[in-house]
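Encoded as structure tokens, the structure appears first; notes follow it.
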Amino acid sequence: ATYKVTLVTPSGTQTIDCPDDTYVLDAAEEAGLDLPYSCRAGSCSSCAGKVTAGTVDQEDQSFLDDDQIEAGFVLTCVAYPKGDVTIETHKEEDIA
């Protein structure tokens, strides 16, 4: 399945198509969006965003704790969409 992923970035909002077996960061790059990242392995917070609608599968991540995940934080480099989802990007500095 392919879902609509809406990315709310500092430079505007864009909606991209993202297959359920493709990481959000990869799909964004394929669509020509320039999102922050570093390790691409789910073990840092450079690519962090915040889910404001919908859900993602980020089981491959190893950086966020349960409280951060409950608050909606997501590592876009290891996040698969589980449906249509809205993510605010560039949220690394908001992670407490």
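Placement of Cβ uses the backbone N, Cα and C atoms for every residue, glycine included.
Annotated features in Swiss-Prot:
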- C39, C44, C47, C77: [2Fe-2S] cluster binding site (BINDING)
- 3-93: domain '2Fe-2S ferredoxin-type' (DOMAIN)
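Each residue in Y37, S38, R40, A41, G42, S43, S45, S46, F63, L75, V78 lies on the same chain as C39, C44, C47, C77 and has a C-beta within 8 Å of the C-beta centroid of that [2Fe-2S] cluster site, without being one of the site residues.
Minimal Cβ crowding within 10 Å, among the binding-site residues C39, C44, C47, C77, is found at C39. For the domain '2Fe-2S ferredoxin-type' (3-93), the DSSP counts in helix, strand and coil order read 17 helix, 32 strand, 42 coil.
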